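What TrEMBL records for this protein:
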TRANSMEM  7-27  transmembrane segment
TRANSMEM  47-69  transmembrane segment
TRANSMEM  137-156  transmembrane segment
TRANSMEM  168-184  transmembrane segment
TRANSMEM  204-224  transmembrane segment
TRANSMEM  244-266  transmembrane segment
Amino acid sequence: MELQGAGLRRVLVLAFCVAGIWSAYIYQGVLQETLSTKRFGPDGKRFGHLAFLNLAQNVVCLIWSYIMIKIWSRTSGRGGAPWWTYWSAGITNTIGPAMGIEALKYISYPAQVLAKSSKMIPVMLMGTLVYGIRYSFNEYICTFLVAGGVSTFALLKTSSKTISKLAHPNAPLGYGLCFLNLAFDGFTNATQDSLTARYPKTSAWDIMLGMNIWGTIYNMIYMFGLPKGIGYEAVQFCKQHPEAAWDILLFCLCGAVGQNFIFLTISRFGSLANTTITTTRKFVSIVVSSLLSGNPLSTKQWGCVTMVFSGLSYQIYLKWRKLQKLQKKRKPM
């Protein structure tokens, strides 16, 4: 009975994590699309300062992580990576997301989600060219499905209704920004892994705090310190259009809450479970975006979406099978 109770609690916690990640990030995606396409107020102005979202997100996550450390983490600051060691990852983590958000001026939200789902392509490319890593045939199948789906989706004609909502329609520039976003994210993740290897006592909250300290510093300089900084214009727009300010606050809170559920999932169920949840969330985000925006995807576009997520699902299955083999080897004879 005790084992059944423990198993039920584990299932309930997993369901709680899935609901938390899905609801936080799907709603954040809706808000992100709204801020990039909606016209606010009687004057019908667009919020053209999407990079400001990164600064707002940094500030909210910085405050959030500091509070979480004080409440929950007893070991933070004791043997963990010092905050100043995150300076280089802070640069790429500032530039990368800014490019991803900026891409929404040029391509639709579903196109952005698909492009950002192809993270394995630059990873495998860099692994082959730089480190000489050899990948299995199955891994190449996954990459082919993802790359084929994204590239075909990019080549298909976007509806005129969707194009009319974009600030500056330009598919090559939009996809280029997304892939640069992936490249910077790859460096950020590699640096974080390096820091946790050097400082094993580093907690997830320490990483979140360190990254957002530098993100706040860099974005404050970019937004308010440079001669052509857009920070003042963004603040003025929010004063004139409180609805946009409210959407930005909700956007930031969704990101902070979503990170909480991701950390909980990784600590309780491992990174593979987190990858599965976040991957399926991206697919649901595309469905929700298509329904809410009133711009349904064509049959061919849905075929591309299915192709991409088939590749991602197969990749998750391969990781799960590899993990099962490792666990069997570790079991005592």
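The count begins at 1 with the first shown residue.
Here the Cβ of each residue, glycine as well, is placed from N, Cα and C on the backbone.
Contact check: the transmembrane segment (204-224) against the transmembrane segment (47-69) gives at least three Cβ pairs closer than 8 Å, residues 6 or more apart, which meets the contact criterion. Below 8 angstroms of C-beta separation, residues 111, 114-115, 117-118, 120-121, 124, 171, 175, 298, 300-301, 304-308, 310-312, 314-315, 318 of the same chain, each at least six residues beyond the ends of the transmembrane segment (137-156), sit close to that stretch.
Tertiary proximity for the transmembrane segment (168-184) is limited to same-chain residues at least six positions away from its ends with a CB under 8 Å from its CB atoms, namely 92-93, 95-97, 99-100, 102-107, 111-112, 115-116, 118-119, 121-122, 154, 158.
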